[in-house]
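Structure first, then comments.
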Amino acid sequence: MAGADRRAAREARQRLLPQGRLAGPMPWVIAIMMFLTVLTAAAGLALGAAVRSMGADLAGRATVQIVEADAEKRAALTQKIAASLRASSDVIAVRPVAAEKLAEQLAPWLGADAADADLPIPALIDVDVAPGDQAARIARIRQSLTALDKAIRVDGHAAYLEPLTALLAGLGWLAAGLVALMAIATAAIVVLAARGAHDSHRPTIEVLHLMGATDVQIARLFQRRIALDAAFGGALGFAGAAAVLAALGGRLMATGSDLLTAIGLPWAAWLALLALPVGGVLLATLAARWTVLRALGRAL
Amino acid sequence: MATIVQFENVGLRYGLDSETLSDVSFSLHGGGFYFLTGASGAGKTSLLKLLYLAQRPSRGVIRLFGEDVVTLPRKRLPGFRRRIGVVFQDFRLVPHLSAYDNIALPLRLSGMAEADVDAPVSEMLNWVGLADRAQARPATLSGGEQQRVAIARAVIARPEILVADEPTGNVDADMAQRLMTLFEALNRLGTTIVVATHDLPLISQVAGAQMMRLDKGRLADPTGSLRYPPRSQDMG
């Protein structure tokens, strides 16, 4: 009974403003803004995930170069360093790169000469660094090996991709900035729509005021209607963006590229995207409430 | 009877124009029946607007129910407005609401449970003879029907003061008589009635009613002692 009464009271309150949408094209504009916001946020989240994925893959790897022109000395030094690395607690795997494999990789540039034993090609040892602060571990490895011989260089793999990860991180921040700008633009649209709705219903509002309606009672009428409009626009925009993202994801997977498939959206990112339309409705509701209360505050 | 409305040297000016109301001072007692009369443009509607808190004066003091409402914070105004019923000259019915919903407005705004709304609204619709037009929108009602809805809406919440601006302007003589009978009945129940009107025979119908006469924004009897009952030659 109490539930039925509340429902009837709610329906009666809803009738205080004319049925139907309040603010003309606002839901469609919100749909477009939400579509763009979700796509931008998805790009930012995907780039962030890619940066983390690449960082995780590369941060734990390093290559030791033994730059020694004398082949015999180079071989002896390689064995010594490999043994030293295996004994180190900072290292979990040591893989000396076979000379044949190096020659094969250099062949596109050096041709058949790459296999010439007289060509002084540095020896390489791939190292997997133990988990933890891997940058610090690599620094320790470098320090200990260069102490053994100055002909040794240690390159962390993360350094190779640092410019790319910096670019991706920058793009991620750009995406975050765009999302913030679109949220501000959406709030501005709602403020304009709420002002318009308030102005067009001014006679009704005056009557309600003179009968003793409080500002909050009147603001609730507008915020509820605008929240419904925003929910419609937000859901539409999100659905459109989700369809585009799903299609793009399929295309990325089809490329088979490790780099491109790293640009994926983890489930947590989808949850974050799902929060956008919810946040949009909340933002629209608060913006509408603030606008109407402010407008009402100017009247007696 | 306690004084429930007190105006002291009230002036009202719209923008930079000359004062619409000047040095208006009077007191209304709880349970009284008052007519406000005067020529068109004398300031009757402006005075009523001050009374039902649609306007603040440019100067002077207005006390309602013992409190100074000129300096009252906005957030406290709704509580005072709920104690005042208003019949507007132009009815001001909400156009997209049915007659039923228009009449129910004050009850719903005051937070009355929906289950308790129907009985008084139906009774009021019956009383103003519009039971069969309950679901009609104002645009489909005649001027007289709209005015009856406006009156029903003004009195349904049993206000302590009922302010009516030309309430009989659009109704026939029979309906005017019924309205005055309702106003007298409400007055007997303790509601203070303030009616602005040009309808001189109407004024003389209400025994014991007092009259204020406005002339060019000033009370014609500045002594503050409201004359009663009105004589036809007093009403310019």
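Backbone N, Cα and C define each Cβ position, glycine as well.
Proximity of distant same-chain residues to the transmembrane segment (A:28-51), defined by a Cβ-Cβ separation under 8 Å and at least 6 residues beyond the stretch ends, is recorded for 165, 168-169, 171-176, 178-179, 182-183, 185-186, 189-190, 229-230, 232-234, 236-238, 240-242, 244-245, 259, 262-266, 269, 272-273, 276-277, 280, 284. Annotation comment: TrEMBL describes A:28-51 (among others) as transmembrane segment.
According to TrEMBL, the transmembrane segment annotation covers A:171-194 (among others).
Across the domain 'ABC3 transporter permease C-terminal' (A:178-293), DSSP helix (H, G, I), strand (E, B) and coil residues number 104 helix, 0 strand, 12 coil. Residues or ranges marked as domain 'ABC3 transporter permease C-terminal' in TrEMBL: A:178-293.
What TrEMBL records for A:226-247 (among others) is transmembrane segment.
TrEMBL lists A:267-288 (among others) with the feature transmembrane segment.
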Chain residues outside the transmembrane segment (A:171-194) and at least six past its termini with a C-beta under 8 angstroms from it: 22-24, 26, 29-30, 33-34, 36-37, 40-41, 43-45, 47-48, 51, 222, 226, 229-230, 276, 279-280, 283-284, 287-288, 290-292, 295
